[in-house]
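> One structure follows; several queries about it will come next.
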């Protein structure tokens with residue numbers, strides 16, 4: 001069993017973006033390829049949770065397993081994706097990553113996983129005053145909490161955090177690198193993110 005594993009969430013419909021965000025161009029590759037390059041440099045095992053519509057093109061791009069949600073919970077948002085990844089890879093801790101934050105650095109995973117300890121269920125960053133539960137790490141024991149929520153048809157990450165002993169991290173090394181956590185949800189944000197990158 002790995003101590004640490006990674007789960008990339010690429011199951012959303014990307015309705016605001018207008019096309020699958022996982023396949024959007026970024027620095028000569030795609031969002032999903034860039035994120036996986038960063039994650040696999042730090043983590044022993046990584047799995048991509050994909051929407052069925054893009055599973056095949058994603059598989060052609062990446063060298064890690066690409067799976068869909070557990071059938072019974074398909075379409076139940078990020079909780080379904082996270083628990084599907086937890087079932088696929090056995091690990092103590094799971095670093096979660098959405099497919100629409102392409103600016104992430106391998107340094108982030110070193111910081112995040114360095115904050116894990118057995119007394120916590122989750123480690124979650126606070127960026128510009130906002131909790132970021134999809135850029136976080138979760139202990140294996142959280143799996144049962146997720147199943148319980150899904151059985152009650154609850155899908156909220158906030159509801160999950162309310163049931164966990166969470167270590168929130170908001171130190172200078174996180175705040176000074178807020179651009180690591182930028183989510184690209186619209187074409188306007190995509191254009192701005194590319195401009196910001198070219199200005200660095």
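Cβ atoms are placed via backbone N, Cα and C, with glycine included.
Got these off Swiss-Prot a minute ago, pasting:
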type	residues	note
BINDING	9, 10, 11, 21, 69, 100	GTP binding site
BINDING	100	Mg(2+) binding site
> Using DSSP, would you call residue 10 (GTP binding site) helix, strand or coil?
strand
> Of all the Cα pairs drawn from 9, 10, 11, 21, 69, 100, the residues the record ties to GTP, which distance is largest, in Å?
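Maximum Cα-Cα distance: 18 Å.
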> Can you check which residue among the binding-site residues 9, 10 has the largest number of Cβ atoms within 10 Å of its own?
10
> If you draw a 10 Å sphere around the Cβ of residue 69 (GTP binding site), how many other Cβ atoms fall inside it, taking every protein chain shown into account?
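Residue 69 (GTP binding site) is surrounded by 22 other Cβ atoms within 10 Å.
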> Give the three-state DSSP assignment (helix, strand or coil) for residue 21 (GTP binding site).
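Helix, per DSSP.
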